[in-house]
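Data first, discussion second: the structure below is written as structure tokens.
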Amino acid sequence: MEKLTLSPISRIDGEINLPGSKSLSNRALLLAALAKGTTQVTNLLDSDDIRYMLNALKALGVNYQLSDDKTVCVVEGIGGAFQWQNGLSLFLGNAGTAMRPLAAALCLKGDTESEVILTGEPRMKERPIKHLVDALRQTGANIQYLENDGYPPLAIRNQGIFGGKVQIDGSISSQFLTALLMAAPLGEGDMEIEILGELVSKPYIDITLAMMKDFGINVEHYNYQRFLIKGKQYYISPQTYLVEGDASSASYFLAAAAIKGKVKVTGIGRNSIQGDRLFADVLAQMGAKVTWGEDFIQVEKSELKGIDMDMNHIPDAAMTIAITALFAQGETVIRNIYNWRVKETDRLTAIATELRKLGAEVEEGEDFIRIQPLALDKFKHAEIATYNDHRIAMCFSLIALSDTSVTILDPACTAKTFPTYFSEFEKISKNQ
């Protein structure tokens with residue numbers, strides 16, 4: 001297996017231009033494909049998950065031109081539901097941001113009835129999709145499980161989504177609601193969605209609603225508990241759509257600065273539609289100096305204090321706090337993060353396991369993690385297993401800010417969202 005050893009870093013200094021957000025990139029591509037008109041999507045992320053979406057759209061008859069550097073995509077919208085040859089199979093890797101929204105969009109009524117199979121890597125077949133399928137079936141969608149109930153692969157027939165009252169469980173993933181919201185306006189009737197349980201990762205729903213509005217569709221909602229969507233609408237191309245920098249990816253650089261230096265990250269700022277921009281506020285609560293601009297966030301180190309906080313609203317960026325906690329004074333508790341367990345891997349167990357290898361004292365609860373700090377000279381060198389999870393690889397790069405080197409196994413797994421992460425991290429790492 002490929003390994004990457006990072007030597008101890010004495011300080012962090014520099015500026016990072018963020019690649020496009022994964023969540024926004026795949027939403028933008030799907031909305032552009034479904035819309036009337038041609039859309040130029042700029043600052044698109046070039047990564048595995050985006051390639052799976054692009055390949056699926058091509059197989060579904062969508063024409064697009066991708067620039068040589070793969071960051072600009074001109075998409076010719078089809079102005080409604082997808083059409084495809086019966087018997088199509090789409091392989092979506094481990095890309096939840098492709099699997100969930102496509103599963104809903106492919107239920108929309110086509111001119112001729114066809115079946116499509118959605119499948120992916122073994123881990124994708126372990127990632128739950130039952131809450132979305134249950135909701136789609138309430139609207140009249142025709143979806144079957146091909147292997148295990150509640151999990152991909154799925155067989156979908158484009159017989160239509162007929163609106164009405166739909167209940168959806170919001171407690172596992174906001175992507176299920178995102179998928180339903182994005183498909184609903186193209187359905188045959190008006191839809192009222194009621195959320196059961198606590199809706200996790202609300203800021204990701206804000207992203208979805210903001211993007212739908214950019215493509216001409218307004219959704220009414222009542223405190224995130226009920227959503228009203230008119231049927232028989234069309235998305236209208238905004239002609240150009242700029243994908244914001246990935247706020248989750250910003251978290252590693254901002255945390256590195258909070259621990260040992262100063263970094264300016266461009267591509268997101270105070271007006272970002274991504275909830276993970278709030279990660280910078282968490283660093284500020286821990287004691288870091290944070291400066292906000294229109295399109296940048298700057299963080300400078302200061303003495304960090306541990307925190308005890310519900311981080312349900314920023315689950316991806318919260319992982320970075322688990323590492324930052326080692327460098328703070330006092331314990332840190334990250335709460336209400338059960339959905340870490342249904343991501344690319346079971347992130348709660350994975351992070352607890354790898355932190356212990358470093359010598360950290362960690363308590364793993366069902367939906368929380370409690371972490372005690374470590375003195376810089378008390379870190380043990382460890383080989384960090386990454387579980388084919390891009391965010392674990394990026395998080396644990398921060399261990400090099402201690403007095404000990406760290407070895408990351410399978411560093412190439414960052415290709416899911418940030419193929420050049422380690423070279424960017426190296427640029428801001430100073431050793432004198």
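Note: Cβ is positioned from N, Cα and C throughout, glycine not excepted.
It should be emphasised that the depicted structure is a prediction, and the values quoted were computed from it without experimental measurement.
The active site, proton acceptor feature in Swiss-Prot is assigned to Asp316; the stated evidence is sequence analysis. Swiss-Prot lists Lys22, Ser23, Arg27, Ser173, Ser174, Gln175, Ser201, Asp316, Asn339, Lys343 with the feature 3-phosphoshikimate binding site. What Swiss-Prot lists as phosphoenolpyruvate binding site is Lys22, Gly96, Arg127, Gln175, Arg347, Arg391, Lys416, and the listing cites sequence analysis.
In the three-state DSSP scheme, Arg347 (phosphoenolpyruvate binding site) falls into the helix class. Just so you know, of the binding-site residues Arg27, Ser174, Asn339, the Cβ with the fewest other Cβ atoms around it within 10 Å is the one at Asn339. Using a 10 Å radius centred on the Cβ of Ser201 (3-phosphoshikimate binding site) and all shown protein chains, the other Cβ atoms total 23.
When the recorded positions Lys22, Arg27, Ser201, Asp316 are compared by Cα distance to Arg391 (phosphoenolpyruvate binding site), the shortest distance belongs to Asp316. Checking each of the recorded positions (Lys22, Arg27, Asp316) against Lys416 (phosphoenolpyruvate binding site), the C-alpha distance stays within 10 Å for Lys22. The number of other CB atoms found within 10 A of the CB of Arg127 (phosphoenolpyruvate binding site), across every protein chain shown, is 21. Neighbour counts were taken at the CB atom with a 10 A radius for the binding-site residues Lys22, Arg347, Arg391, Lys416; the maximum falls on Arg391. Checking the binding-site residues (Gly96, Arg127, Gln175, Arg347) against Asn339 (3-phosphoshikimate binding site) with a 10 Å Cα-Cα cut-off leaves Arg347. In sequence order, the recorded positions near Gln175 (phosphoenolpyruvate binding site) (Cα within 10 Å of its Cα) are Ser201, drawn from Lys22, Arg27, Ser201, Asp316. Sequence-distant neighbours of Asp316 (active site, proton acceptor) (same chain, 6+ residues apart, CB-CB distance under 8 A): Ser248, Ser251, Asp276, Arg391. Residues near Gly96 (phosphoenolpyruvate binding site) in space but far in sequence (CB under 8 A, at least 6 apart, same chain), listed by position: Met124, Arg127, Ser173, Gln175. Between Ser201 (3-phosphoshikimate binding site) and Arg347 (phosphoenolpyruvate binding site), the C-alpha separation comes to 16 Å.
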